[in-house]
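Features reported for this protein in TrEMBL:
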| type | residues | note |
| --- | --- | --- |
| COMPBIAS | 1-19 | compositional bias 'Basic and acidic residues' |
| REGION | 1-214 | region 'Disordered' |
| COMPBIAS | 20-69 | compositional bias 'Acidic residues' |
| COMPBIAS | 104-122 | compositional bias 'Basic and acidic residues' |
| COMPBIAS | 123-134 | compositional bias 'Polar residues' |
| COMPBIAS | 147-157 | compositional bias 'Acidic residues' |
| COMPBIAS | 183-197 | compositional bias 'Basic and acidic residues' |
| COMPBIAS | 200-212 | compositional bias 'Polar residues' |
| COILED | 223-266 | coiled coil |
| COMPBIAS | 314-336 | compositional bias 'Basic and acidic residues' |
| REGION | 314-343 | region 'Disordered' |
Amino acid sequence: MAPAKILERNVRVPKQRHEDEEDADEGEEYEDMAADDEDAGEGEESGSDMDDEQGRDEEDGDGEDELDGNMEQQVSAISFGALKQAQDAVFRKRKRGSDEAPEQDDKLENLRKRLRQIKEQKTGTQLKPTATTKTSRDDPDNSNSDSDSDSGPSEDEAPSKSRTSKHAPAEQTSRHQVTRKRTVVDYPRRAIRDPRFDSIPNQPSTAHQAPNGTADKAYSFLLDYQRTEIDDLKAALKRAKGEDDIYNLRRKINSMENRLKAHAAKEREQAVRSAHKKEEKGRVLEGKKPYFLKDKEVKERALVEKFRGMKGKEREKVVEKRRLKESQREKRGMPRDRRRVAQ
């Protein structure tokens, strides 16, 4: 029985003394019974509580087992593509946060300025203008910063800049101190001149044009020196007796003669171009369009001028030599059987 039910019982009031003693004995019995009932009730309640706790533990254990089983099933059902999309979304969010770091720093700096202005207005004291404090990203150990007095979020929580991938190059900060050197007065710098790389006066711009002008006229005596040297070499060739000496002298003479011939050919071509240029200037003055010679036409006209300046026998030798040269060139292009027949 519960203690509440025992207390609700009706107790009879004793009228005599011997009934008082009996009542006292009965009261002791009632107290013993009530104590036994209370112990039994507490045992029942504690037993029921233990049963409830065991039931709850069993239910919680079953629920956790079911949740673990469901989680394993759900994780096993997720595809690798979905995991990759989730990873990319987290990466983009992190990167977006790193891009917003400078804007957040600017906002914090503006808030600090505003708070300082309000403090100055309240106190009525004008503080000296000081340089703006650096952000914790550049100088995290700066003790003079007003980050402690600000109510906004700390700059340490701002996302730090990082590379997009391990293959990307490291980013170099652009926050460097500007040099204090200034150019107050411009002075002309001394130009270093190397005469080896100076252009020759009146030098033709194109490579196929022969040198003509003041420089060519000024150094015309070099051609006379070369001709005199060729005559000396020919005289030495007549006196030479060794085969090696004769071979070397002939080779040197031929080289110098070829140089003179090439120079003369360039002079003829230049003369043809200058004459044609004068003619075209007159036609342009008359209102006609100018005609520009091709390199092939210049060479043909220069060759005609060359033959005109030769004598009869000398011209025949040159023509015969040129004919043999052309025939040898044609024979090299023939098959071997036809070469034998042509010979």
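Every residue, even glycine, has its Cβ placed from backbone N, Cα and C.
Residues belonging to the coiled coil (223-266) score a mean pLDDT of 93 in the model.
Helix first, then strand, then coil: DSSP counts for the compositional bias 'Basic and acidic residues' (314-336) stand at 20 helix, 0 strand, 3 coil.
In terms of DSSP helix, strand and coil, the compositional bias 'Basic and acidic residues' (104-122) has 19 helix, 0 strand, 0 coil.
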